[in-house]
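As structure tokens, the structure follows; a few thoughts come after it.
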Amino acid sequence: MTINWFKYASPASFYFLAGRMIPFFIIAAVILLIIGLYIGFFVAPTDFQQGEAYRIIFIHVPAAWMSMFLYVVMAFWAGIGLAFNTRLSSMVASAIAPTGAMFTFLALWTGAWWGKPMWGTWWVWDARLTSELILFFLYIGFMSLQAAIDDPRRADKAGAIIALVGVVNIPIIYFSVQWWNTLHQGASVSLVQSPKMATAMLTGMLIMALAAWMYSIVMVLMRTRMIILERERHTAWVSELKEGVSK
Amino acid sequence: MSWESWSDFFAMGGYGFYVWGSYLVALLCVLGEVVLVRNRRRTLHKQLGLKDKSSL
């Protein structure tokens, strides 16, 4: 029994720790979102080139950042799980994928709705857009593969391989605007010339990125807790949880 | 502040369709994910016989 307990100690203690942390991240996400939107719509001035259309930036850039960042974090934990056979890290990786896919979709969607008024087209098959679309397919592939394999540990391993191979795509997305001649503009901040504008726009963007970060943490923690419960439903501590609740 | 009135705000300098088209879908995505996660949690807690409020 003691050995069993130690074996499961990590996911079980994470379950309770995450449960205590979630409310704080929810509060942080909501506060940052309100401040970020306020700055984005009421403090940040009109762009001298793009007018008001640029305000899509406050979702587009944080979503694009999160799509790439979450993928790296997902691949990292999947890789740790593969290398060291630590179950919790694989569970975290699986928990990240849907949120990452959601942000990738948002980056693509808002990009299209920004591209239409600015470039005159919803979509072009250029390097930045195509590599971001591939990122979306990588997330979908990771999730479908894991969903198709019944044994969770085998699903973890298969997912880890696809996640790790796909990491190659991240520098391609990031540097695509430098490596290839694309429609997509370079660094978002450089199109602003007056320093005052840069400050308000950049602040709004960074705060929205922080809000997206907090939101992702909430989603990942909640999902990890569910995966823990699903996989450990026959363990002693989950039974204790049931008894404790029914009292 | 760039806005003279609320209608000015919603017009977004003529780009309202694109700006709000982006923000609306972002809102739907976030709400959708939250709903999916909460539903999954409710189902799981029911299956395991846990009370929903037992954990966030």
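Just so you know, glycine gets a Cβ as well, placed from its N, Cα and C.
Listed in TrEMBL for this protein:
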DOMAIN    A:7-184  domain 'Cytochrome c assembly protein'
TRANSMEM  A:21-43  transmembrane segment
TRANSMEM  A:63-84  transmembrane segment
TRANSMEM  A:91-113  transmembrane segment
TRANSMEM  A:133-149  transmembrane segment
TRANSMEM  A:161-180  transmembrane segment
TRANSMEM  A:200-222  transmembrane segment
Best-contacting stretch, by C-beta pairs under 8 Å, relative to the transmembrane segment (A:133-149) and drawn from A:21-43, A:63-84, A:91-113, A:161-180, A:200-222
A:91-113
Sequence-remote partners of the transmembrane segment (A:200-222) [C-beta within less than 8 Å, at least six residues beyond its ends]
18, 21-22, 25-26, 28-29, 32-33, 35-37, 39-40, 43-45, 47, 54, 57-59, 61-63, 65-66, 70, 92, 95-96, 98-99, 103, 188-189, 192
